[in-house]
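Trainee: I'd like to ask you about the structure that follows.
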Amino acid sequence: PPPCAGGGTSYTRNQAKKIIRWMKSDFTGQKKKEILITSDYDLTDGKIRFRLLPNEQKHFPIYIKNNTNVLVTFAQYKQLRRMRSYSFEDVLKVTKSKPVLLNPGDVYEITVHFSSNFYGYFPVTLVFEFWSENDKSKKFLIGRFLSAVCNSKLSDELGPTSKYTPYQKKLVNERVKRNVEGVKPLSALIYDLQQEIPLGQFLPPGRLRNEIKAGMDLLFSKLDFSNYGRRFSLLLHLEEIQMEVDIRKYDRDNEEMTRDPRNKTLLILDVPGVAENRPSVLRGDHLHVEFSENKNSDVSYKGYVHAVELEKVKLGFSQELLQQFIPGTKFNVVFTFNRLPLRVQHRAVQLANGRDLEQFLFPTHYFLFIFFTRLYDRNLEKNEEQMRAVKHIVRTGKTVTMVEAIKQVLKCIPGTHVLTCAPSNSACDLLCQRLMNHIDRSQIYRLMASSRNYRDVPEDIKPCCNWDTRNDCYVYPKKAELMNFRVIVTTLITAGRLVSAKFPKGHFTHVFIDESGHAVEPECVTAIAGLLDVMLPNQNVNGGQLVLAGDPKQLGPILRSPFAIDHGLGRSLLERLMSENSLYQKGTDGYNSQFVTKLLKNYRSHPSILKIPNELFYDNELESCADQLLSNSYCNWEKLPRMGCPIIFHSVLGKDQREGNSPSFFNVIEIEEIISYLKALLQTQKKKGLAKISPKDIGIISPYRKQVHLTISYIAVGALRYCRYLAALRFIPWLGAYKVGSVEEFQGQERKVILISTVRSSESYVKFDEDFSLGFLKNPKRFNVAITRAKALLILVGNPVILGKDPSFIHQRHACARGKYAWFPPNKVWGFFSSINREVCMIAFHANHCIAV
């Protein structure tokens with residue numbers, strides 16, 4: 001484009017403040033019909049929007065017409081924030097010193113030139129200044145919001161298929177109804193494990209539902225062992241009450257179901273959002289349906305979940321309903337949630353008082369017991385912190401260090417039995433896999449819940465798990481059989497089944513809990529109360545040890561109740577001990593290694609990648625010890641904005657969208673940038689010194705399930721159906737090998753290259769994300785997990801306007817300003833961070849997003 005004329009300049013700080021006031025009144029000139037400003041791309045309310053492909057140029061005129069019967073002076077036109085992708089020219093080069101006189105009926109033309117190599121929205125605001133010859137002392141302004149939309153035809157294909165219409169549930173008075181039992185999943189579960197300790201229902205007291213003040217005195221009291229069980233039971237009740245309220249938001253009226261083509265006895269219900277646990281639906285759960293047409297019916301039908309496939313739920317109902325079912329029949333659907341985890345946690349905190357576990361929950365002293373032997377993992381001997389961790393059976397550390405500690409316990413202490421737990425199946429699977437490297441498989445047992453899909457179990461641990469291949473079902477063996485294993489690996493909630501079995505006192509000598517920072521405290525106690533006895537000097541001297549491994553700066557538990565969160569349920573046991581207990585406090589000489597060992601050597605990430613979380617979360621104590629050949633492998637990549645620094649913060653102005661009645665967000669523009677970088681990674685491999693990269697070395701992270709699914713569609717479906725639009729995808733081999741998932745799915749994992757799509761482009765949804773524990777904004781732990789997955793290259797794609805409001809991103813923004821990192825492309829970013837034009841930019845940006853693309 002040609003050089004900018006008058007429109008290439010922008011306003012000063014004071015001028016911008018005045019413009020803001022005008023923008024909030026009649027900025028677009030709706031009340032000023034004397035001057036008409038038009039173009040071929042006009043929308044409403046002063047918006048001008050046009051589309052083009054990246055690397056394409058666009059040229060079009062804006063017409064200014066004097067629609068009065070008097071002479072009008074056109075003084076100048078300016079951009080509120082200059083964007084270099086735009087340029088403007090006019091024949092007479094209008095400026096304040098060289099104004100143009102417009103006679104009645106005159107039309108003056110300004111030509112807009114636009115070109116960009118990138119995807120995204122490119123908003124700019126033009127301000128036109130005039131004054132009338134009848135009153136030269138009074139100037140008036142008219143503004144226009146210009147926006148270019150650079151995207152491919154593929155994005156149109158995979159964009160919203162329908163307008164988002166949030167479901168609104170009407171509140172009605174519940175009537176007592178006859179509940180017709182459904183058909184449970186066909187599973188020949190073999191349950192031989194004894195149940196000697198009962199599991200109560202632990203329903204919330206009725207008065208607590210109606211008057212939250214009933215428990216306020218207990219909530220505001222200091223947590224100690226005397227009120228431990230009562231306080232946490234109250235917090236769990238408050239969480240359940242909030243869950244009851246929140247689950248009603250997912251109830252739906254006038255929904256259709258279809259028969260499962262593979263099993264005519266099952267009905268399929270579409271549940272948008274179920275893939276993001278909104279609502280959470282697992283195999284074995286149930287919901288209720290009623291016929292919509294018969295609103296006064298006193299009959300409700302229970303349907304059990306047999307399978308969940310993406311957003312489709314397969315349900316088993318009674319023959320009474322199936323005999324009445326006709327395709328197209330409308331149903332009202334009422335969702336429920338599984339109370340078993342809550343019940344198990346209630347029992348755990350009650351047992352904690354009865355089993356005298358004060359030294360586990362509020363420790364005041366310790367016993368010195370140090371052993372040393374030759375390590376299984378010889379690499380640990382080179383790391384002082386990890387060696388100290390193994391020797392002292394520490395309370396925090398990396399998974400690999402904890403695994404080595406388990407191996408040493410089994411080798412050095414005769415008669416030990418170890419219970420190894422984690423909040424999630426994926427974390428338990430990883431523990432089991434690493435333990436199997438050095439421990440006889442016959443000594444390890446992977447105990448899983450029957451609700452888990454056996455197809456999701458890693459092949460290498462199947463020989464150790466509780467699956468009966470002959471009967472093709474899960475099995476819970478007898479207690480005597482389980483006691484023969486030296487290591488049992490299970491999730492924290494499933495450990496509750498071991499509590500019910502009432503193992504002999506002192507059987508489990510050690511309990512190791514990995515990712516303990518991700519579990520609420522009662523969940524951790526589930527693996528302790530009723531299973532582990534406190535170590536005493538004169539008895540049980542070799543056992544009764546609890547080991548918590550995790551990172552309190554990474555993902556914590558997800559809760560719904562503000563009351564429960566504010567009063568301590570949102571903190572893990574690990575975080576509480578490290579923040580409140582004096583034994584775990586950091587002194588002048590660091591931590592007491594008998595209790596806490598902070599692993600300071602990072603063997604994963606390039607120093608530049610590590611620097612951000614190191615400064616934000618770890619007191620700048622971490623030391624980068626990554627393999628230089630691997631971590632430096634992308635330091636000279638041609639796409640880097642600054643050579644030697646393998647980090648790209650790519651600014652893109654996209655649009656967060658939803659479709660249909662799915663609550664999940666997506667941003668097609670950001671996906672296109674992610675795909676563009678993916679193409680570049682594959683096209684440049686084995687060139688200019690770059691090594692070949694495998695799809696297994698690349699991870700793509702997004703906090704929203706819809707964004708994950710669309711990204712997979714771009715990679716897989718796009719390669720086949722839309723390759724004429726996006727030829728880049730023909731370079732992508734082994735489509736299924738790319739890991740695309742949420743932050744939670746990547747916790748504990750690592751990739752050579754990580755690409756992150758933040759999705760958010762609307763400030764109005766930030767509070768929404770806070771409420772549902774979604775997104776990166778105002779969630780530093782999620783941000784920390786995402787950026788610390790990368791070994792050699794980190795690419796973060798996001799909207800600088802929105803990200804600039806988050807403290808974590810503000811930190812890296814300042815790092816960019818100090819020259820440590822670089823946003824890319826820089827000409828799209830710095831105007832947004834300018835204090836002069838920030839408010840102006842936000843108004844203009846949101847004005848350009850008022851109309852759907």
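Note that Cβ sites are derived from N, Cα and C of the backbone, with glycine treated the same way.
Unlike curated entries, TrEMBL annotations are predicted automatically.
Reproduced below are the annotations present in TrEMBL:
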type	residues	note
DOMAIN	30-149	domain 'Helicase MOV-10 Ig-like'
DOMAIN	210-249	domain 'Helicase MOV-10 helical'
DOMAIN	250-335	domain 'Helicase MOV-10-like beta-barrel'
DOMAIN	396-454	domain 'DNA2/NAM7 helicase helicase'
DOMAIN	482-561	domain 'DNA2/NAM7 helicase helicase'
DOMAIN	570-799	domain 'DNA2/NAM7 helicase-like C-terminal'
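In the displayed structure, how are the listed features positioned relative to their neighbours?
Mentor: Secondary structure counts, DSSP: the domain 'Helicase MOV-10 Ig-like' (30-149) has 0 helix, 74 strand, 46 coil.
Within its own chain, the domain 'Helicase MOV-10 helical' (210-249) has Cβ neighbours under 8 Å at 167, 169, 202, 204, 279, 335-337, 339, 342, 345-346, 349-350, 352-353, 358, 361-362, 521-522, 559-564, 567-569, counting only residues six or more beyond its boundaries.
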Trainee: Is the domain 'DNA2/NAM7 helicase helicase' (482-561) close to the domain 'Helicase MOV-10 Ig-like' (30-149), in the sense of at least 3 CB pairs under 8 angstroms with a sequence gap of 6 or more?
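Mentor: These two stretches do not touch.
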Trainee: How many of the residues that make up the domain 'DNA2/NAM7 helicase helicase' (482-561) does DSSP mark as helix, as strand and as coil?
Mentor: 17 helix, 15 strand, 48 coil
